[in-house]
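Colleague: Handing you this structure, nothing more for now.
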Amino acid sequence: MSQTYQQQLQSKIERITHQFAEFNPPALEVFESPEQHFRMRAEFRIWHTDNDLFYAMFERNEDGKQKEVIRVDEFPIADQSINQLMPRLLEELKANPTLSQRIFEADFLTTLSGEMLVTLIYHRKLDTEWESAAKALAEKLNIKIMGRSRGQKVIIGDDYVVEQLNVHGRTFKYKQIESSFTQPNAEVCQKMLTWACDVIQGSNQDLLELYCGNGNFTLPLSLHFRRVLATELAKSSVYAAQWNIEQNQIENIQIARLSAEEFTQAYQGEREFRRLQEANIDIQSYEFDTIFVDPPRAGIDDETLKLLKGFKRILYISCNPDTLYNNLKTLSQTHKITRFALFDQFPFTHHVESGVLLELI
């Protein structure tokens, strides 16, 4: 029997509460997701039969080896705009062999306002005939299209969408680039940003952020600090973050293209980086009292954990409670949890997004 939304949420609450009980956190703050139409992106295989074309996903059988093809005619967890476009796009592909020949995947990326980018992926070279057909399709459906094949990328319109998220009455614009990481659940993302700003409660000193991505948290958090230094290694994310800072007219943020490990080396004076000099970033000019981290699923490495322990406040957003738990074993030696939250980014899956504010004991 399948669980209701509230049942699956309650099981996550119980699991997280039990897992972190040894750290004696305050009461868990819970932020729910819409039950349907919450995903702003979706990826499907395009399945070909003798006389049909349809969206497909794969489901492994019980032994985990054989994959079963599941036909997908609608996708209730995806945003309404994706569900509305899916059949229209499929009919256009079926009607035009130039667009359907050797296509094997279609990826959708949308925004709360309905702006749409569709990536069509092929097992063949994309020629001028394809480009002409794709331009006509983009115009007809009022979407942006990206064509991809091995070693080839053809952009019809733009390779990004612009999301607008509201935090405490202010709207922030975010460039979200195709194939770069973005938060998939925009409604819950707004709740995460609002919570992060609420728990910080302002500072007359500076914020250090590691793993900043496209500046998702950086922009709203910057309003609560004198200056912000944010680090990110991926070039496309750094580019998007710089665009977002400029578009939102925020002037107290600098972006350093460094990994967390590299920043630790630079901060401790162990290594100099030309990238910092070229960006005119003087780390020693900052007076940090707070560090914000939103690391990948693997969590934070030991050297970076040592860096975190030197900060008065640590705001940690985690997409993996197991690595957060392991990191807290170290951080709880010097800090205590003063805020604790669960964000249901991924309803009906085992994945849990959580947040903790840690303050120096």
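For all residues, glycine too, the Cβ spot is worked out from N, Cα and C.
Sharing the features that Swiss-Prot gives for it:
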- C319: active site, nucleophile (ACT_SITE)
- E353: active site, proton acceptor (ACT_SITE)
- Q183, Y211, N216, E232, D294: S-adenosyl-L-methionine binding site (BINDING)
Colleague: For E353 (active site, proton acceptor), which of the three DSSP-derived states applies: helix, strand, or coil?
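Modeller: For E353 (active site, proton acceptor) - judged by DSSP and reduced to three states - the answer is strand.
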Colleague: Can you give me the residues near the recorded S-adenosyl-L-methionine site, meaning same chain, not Q183, Y211, N216, E232, D294 themselves, Cβ no more than 8 Å from the center of the site's Cβ atoms?
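Modeller: In sequence order, the nearby non-listed residues are F181, C212, G213, N214, G215, F217, T218, S237.
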Colleague: Can you count the other CB atoms that lie within 10 A of the CB of Q183 (S-adenosyl-L-methionine binding site)?
Modeller: 25
Colleague: Hey, what's the Cβ neighbour count for E353 (active site, proton acceptor) at 10 Å?
Modeller: 24
Colleague: So which recorded positions out of N216, E232, D294, E353 end up within 10 angstroms of C319 (active site, nucleophile), measuring C-alpha to C-alpha?
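Modeller: So far as Cα distances go, the recorded positions lying within 10 Å of C319 (active site, nucleophile) are D294, E353.
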Colleague: Can you tell me how spread out the S-adenosyl-L-methionine site is, meaning the largest CA to CA distance among Q183, Y211, N216, E232, D294, in Å?
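Modeller: Value for the max Cα separation, rounded to a whole number: 16 Å.
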Colleague: So what sits near Y211 (S-adenosyl-L-methionine binding site) in its own chain, CB-to-CB under 8 Å and at least six residues off in sequence?
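Modeller: Sequence-distant Cβ neighbours: T231, E232, A260, V293, D294, P295, P296.
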Colleague: Return the count of C-beta atoms lying within 10 angstroms of the C-beta of D294 (S-adenosyl-L-methionine binding site), excluding that atom itself.
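Modeller: If we count other Cβ atoms within 10 Å of D294 (S-adenosyl-L-methionine binding site), we arrive at 21.
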Colleague: According to DSSP, which kind of secondary structure is D294 (S-adenosyl-L-methionine binding site) found in, if we only use helix, strand and coil?
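Modeller: In three-state terms, D294 (S-adenosyl-L-methionine binding site) counts as coil.
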Colleague: Whole-number Å only: compute the distance from the Cα of E353 (active site, proton acceptor) to the Cα of N216 (S-adenosyl-L-methionine binding site).
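Modeller: With distance taken Cα to Cα, N216 (S-adenosyl-L-methionine binding site) is 15 Å from E353 (active site, proton acceptor).
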Colleague: What is the Cβ neighbour count of E232 (S-adenosyl-L-methionine binding site) at a 10 Å cut-off, with all protein chains included?
Modeller: 25
Colleague: Name the residue among the recorded positions N216, C319 whose Cβ has the smallest number of other Cβ atoms within 10 Å.
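Modeller: It is C319 that, of the recorded positions N216, C319, has the fewest other Cβ atoms within 10 Å.
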